[in-house]
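One structure below.
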Amino acid sequence: MSFDTRIQMNGLPISVYAPETVGCVVVDSSGGCAATTSSGGLMNKKCCRIGDSPLIGAGTYACDLCAVSCTGEGEAIIRATLARDVAAIMEYKGLALQKAINYAIKERLDGGKAGAITVSKDGEVAYGFNSNGMFRGCATEDGFMEVGIWE
């Protein structure tokens, strides 16, 4: 007798060893922004390494302009302080959120692969990545929902 002990969701196997980043960005009705990022748990992590997810400004950032959550090559994200850079580009260059994330992904990553989800204080949602794809989803107060992987 054998037992199937694999974890499943909707009948499909899920690997407990898949190190996937999960991020969330939100804005409330007053324009307050918040962000959070999780590296995906303790499995398959290098001993004594601190990734970008818990570093405010690198993998996660929120201010009065926007909220940002990043995923990808942690070292490149840390070197670029990618999440903070999106807000700084908005503030100092005066760019809109989508243009700011595009600029940060293209110009600041120094060859690293990464992506980010963002929301502005006005509720504008934007994302950017320079990898083959990035899993993401969006839901708004008015009932709009969207998910995506590729451009």
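Any Cβ shown, glycine's included, is placed from N, Cα and C.
Per TrEMBL, these features apply:
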- T21: active site, nucleophile (ACT_SITE)
- R49, I50, G51, D52, T71, G72, E73, G74: substrate binding site (BINDING)
Sparsest Cβ surroundings (other CB atoms within 10 Å) among the recorded positions T21, T71: T21
Per DSSP, three-state class assigned to D52 (substrate binding site): coil
By Cα-Cα distance, the member of binding-site residues I50, D52, T71 nearest the residue listed as 'active site, nucleophile': T71
Other C-beta atoms that fall within 10 angstroms of the C-beta of G74 (substrate binding site): 21
Where T71 (substrate binding site) sits in the secondary structure, as DSSP reduces it to three classes: strand
Farthest-apart CA atoms of R49, I50, G51, D52, T71, G72, E73, G74, residues recorded for substrate, distance in Å: 16
